[in-house]
Amino acid sequence: MRCAAIGCALGALNSLVNVFGARYGGYPLRPDGVPALQLVGALLGTQWAWALLAFWIGWFARRWRSAVGGALLALWVATPTYYLSDWLGGRTDGFAHGFLAVWMILAIPAALAFGSAGHLGRRPDSWSLLPLLAAPTVVALDRRGGGTLDIQPWPIVLQNLIAALVLILVLGLWFTRERRRPDSDAG
């Protein structure tokens, strides 16, 4: 249930920052848009933001099936919530069934890959570093740089910063756990 609520929050937040922040939104707070909300929308609208959702749900799950199932549930709730919020917020003339179907289908391999990577990153062995590196790698490789020209290059700058922070976080988690292991040679 928590995974569904998290997915609902991501989908709604992603849409609402566009509805109120973008100049093309249904109800922009300012005619020329709100740059801070446009930036948040540009970041939340990337594939890596949604992949990180699946990754972190996998990280916090105790079992592999819960990791993949929870990640899939979160993505399957986030996607229609996003499109429904867009429609209700006046950003589209109708409910985007075609896009919804595509992203719902793509959520299956994404949940499997990133939910599994997050879960495998919890393992107490040296090999767990490899799946942990999936999170910063996907952030660094997605070079779409969303958003309109008036907020550029900030989405890409922030994306690089987020990739570095996620890398530091996962390495910190891994090295801290490695040092605490009873059979570790460290310390």
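Any Cβ shown, glycine's included, is placed from N, Cα and C.
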Exercise for review: Match it up for me: which of 1-18, 127-144 does TrEMBL list as transmembrane segment?
Suggested key: 127-144
Check your understanding: Thinking of Cβ pairs under 8 Å, which stretch from 66-83, 95-115, 127-144, 156-175 has the most of them with the transmembrane segment (37-59)?
Key -> 66-83
Review point. Excluding the flanking five residues on each side, which residues at least 6 beyond the ends of the transmembrane segment (95-115) place their CB within less than 8 Å of a CB in that stretch?
Key: 50-52, 54-55, 57-58, 61, 67-72, 74-76, 79-80, 83-84, 86-87, 134-135, 138
Review point. Counting only residues 6+ away from its ends, which parts of the chain sit with a Cβ under 8 Å from the transmembrane segment (127-144)?
Key: 46-48, 51-52, 55, 113-114, 116-118, 120-121, 156, 159-160, 162-164, 166-167, 170-171, 173-174
